[in-house]
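For reference, the structure discussed in these notes is given below.
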Amino acid sequence: MAPPRPSPAARLLREYGWDLMLGSIAAFYAVMVPYTKVEESFNVQAMHDILYHNYHIEKYDHLEFPGVVPRSFIGALVVSVISWPVVFLMHLFHVPKVYGLLAVRIMLGSIILMTLRLLRVQVKRKFGHHAEAFYVILTAIQFHLLFYSTRPLPNILALAFVNLTYYFWFKGNHRRTLEALIVAAVIFRCDMILLLGTIGLALLLNRSISLLEAIKCCVSTAIICIGLTALVDSIMWRRILWPEFEVLWFNSVLNRSSEWGTHSIHWYFTSALPRSMLIAYPLCMIGSFLDRRILPYILPVFSFVVLYSKLPHKELRFIIASIPMLNVSASLAASRVYNNRKKSGWKLLYVLMIGGFLASLGYSAVTFMASYNNYPGGYALKALHEADSLMNEKIVHIDAFTAMSGVSRFCESKYPWRYSKEEEISIEEYQERNFTYLLNEHRHISGYKCLFAVDGFSRAKIQPRIPPLSLVKEPKVFAHGNTRDPDILSLNWPGCPCGEDTHQISATGPLTANCEDAQPV
């Protein structure tokens with residue numbers, strides 16, 4: 001007798017269950033932490049302007065705040081076009097604009113997760129379903145990869161094509177492997193040239209592709225990509241340019257990226273990768289010894305991180321493209337330990353691995369809570385909108401720190417609210433300006449009354465009790481009202497803290513206690 005056919009729900013779960021799990025985690029991160037940081041500002045503002053200003057390029061944010069180096073509009077354009085129907089419906093039903101930010105982030109995350117699905121399917125085909133399962137589990141208990149997957153960084157836009165690179169590489173389609181990397185390097189992140197070099201060299205050494213074929217493939221794809229980005233971005237930036245070439249010149253030739261801080265040469269291996277991969281980091285090393293099939297893939301990716309370590313300015317997002325492949329190696333080690341868990345000598349490894357999984361999950365929970373409280377600017381603007389329902393026109397000045405810690409154009413409201421991000425205003429000059437509100441990092445400003453403060457994450461503290469780790473928060477962003485505006489002063493404001501240990505607003509808490517006597521007017 002033939003076994004009963006599985007129901008449609010069972011077939012859907014079997015086919016897409018792992019993807020739904022990863023997607024749910026990524027969506028949870030996006031919903032709980034909807035705001036963005038300064039690193040994401042270009043693409044966030046570009047998506048906003050494409051969706052809300054359309055072809056009126058003169059209103060776009062990048063013309064007023066161009067940033068240090070130009071970036072390509074192509075990624076923002078693609079995500080915005082896909083998100084447009086949802087944002088249009090939100091606009092039709094007068095849904096607050098901040099939900100448009102959530103829409104574009106969820107759409108970007110969906111693109112990244114679709115490419116991760118393609119990679120997962122190839123892991124299953126090449127290494128088995130146990131490796132597939134552990135690949136997904138390791139990705140799920142890591143915080144950074146899924147948290148970043150919905151964040152519109154150039155690195156994440158490039159990650160979509162790097163995941164495709166790994167997919168084609170496992171599939172044996174080496175021409176497509178190089179083409180996907182060329183797109184990532186030419187349009188989104190010029191540093192992907194390093195990964196292109198290590199993977200391309202590996203393909204040449206094992207004779208997977210001939211030198212002539214590789215040159216033809218790379219040159220033809222690069223010409224098309226340069227033409228596309230030069231055409232689109234020259235229109236958007238109103239001058240002829242190839243954005244990633246200017247980024248390459250700035251970071252590599254001029255070596256000016258070090259102006260934003262430097263780290264030691266081993267930082268990626270002793271800090272960034274351990275924090276982002278957690279238990280998968282040691283498992284990755286073990287996997288390369290237990291299963292030699294992964295060596296041809298892991299060595300070029302590992303070499304990419306080594307080469308990148310030569311640059312003094314380092315951030316985790318610069319090497320995030322290596323994590324999916326390193327997770328594959330880790331999944332092979334976890335699968336081998338799991339399959340041999342009942343054998344003598346392997347039992348201890350299995351117990352240690354399970355303990356590592358739980359520790360990784362706990363670390364990711366703590367990291368999430370820190371990130372949850374790391375966007376005081378966004379929470380401050382939200383609280384200001386909710387507290388003042390008066391219909392007279394008001395101008396809010398947003399300083400650089402507030403803008404860098406969660407505020408974007410998606411956070412702005414319609415009339416009567418107006419916004420200024422004018423830079424280089426001295427603290428003494430504020431009282432001469434006609435701003436209704438100020439959102440900035442200063443506790444006291446002459447001519448203004450401190451209305452409330454918003455807490456932000458400061459540091460983690462070890463304590464001799466349960467839980468052993470606590471997150472220390474302190475006031476980061478202060479909201480001030482103009483003392484010449486009686487309507488503002490008539491509202492019920494909680495005031496600002498007297499000392500460093502008195503907090504006002506957290507990401508979850510309401511406006512609280514008053515301390516007006518300590519605030520000069």
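Cβ atoms are placed via backbone N, Cα and C, with glycine included.
Note that the structure is predicted; figures quoted are calculated from it, not measured.
Annotated features, as they stand in TrEMBL:
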type: TRANSMEM; residues: 20-38; note: transmembrane segment
type: TRANSMEM; residues: 73-93; note: transmembrane segment
type: TRANSMEM; residues: 99-119; note: transmembrane segment
type: TRANSMEM; residues: 131-147; note: transmembrane segment
type: TRANSMEM; residues: 153-169; note: transmembrane segment
type: TRANSMEM; residues: 181-205; note: transmembrane segment
type: TRANSMEM; residues: 211-232; note: transmembrane segment
type: TRANSMEM; residues: 294-311; note: transmembrane segment
type: TRANSMEM; residues: 317-338; note: transmembrane segment
type: TRANSMEM; residues: 350-372; note: transmembrane segment
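Within the chain carrying the transmembrane segment (294-311), a Cβ under 8 angstroms from the stretch's Cβ atoms is held by residues 166, 169-170, 191, 194-195, 197-199, 201-202, 206, 251-252, 257, 265-269, 273, 284, 287-288, 318-319, 321-322, 325-326, 328-329, 332, all 6 or more beyond its ends.
Within the same chain, the transmembrane segment (131-147) stays apart from the transmembrane segment (211-232): fewer than three Cβ pairs sit under 8 Å, each pair at least 6 residues apart. Residues 18-19, 22-23, 26-27, 30-31, 34-36, 44, 47-48, 51-52, 79-80, 82-83, 86-87, 90-91, 139, 149-152, 156-157, 159-161, 163-164, 166-167, 170, 324, 328, 408, 410-411 of the same chain sit 6 or more residues outside the transmembrane segment (99-119) yet have a Cβ under 8 Å from a Cβ within it. Counting Cβ pairs under 8 Å to the transmembrane segment (181-205), the stretch among 20-38, 153-169, 211-232, 317-338, 350-372 with the most such contacts is 153-169. Counting Cβ pairs closer than 8 Å and at least 6 residues apart in sequence, the transmembrane segment (211-232) and the transmembrane segment (73-93) reach three or more and so form a contact. Proximity of distant same-chain residues to the transmembrane segment (73-93), defined by a Cβ-Cβ separation under 8 Å and at least 6 residues beyond the stretch ends, is recorded for 42-43, 46-47, 50-51, 99-100, 103-104, 107-108, 111, 152, 154, 157, 187-188, 228-229, 232-233, 236.
With Cβ pairs under 8 Å as the measure, the transmembrane segment (317-338) is packed most heavily against 153-169, out of 20-38, 153-169, 350-372.
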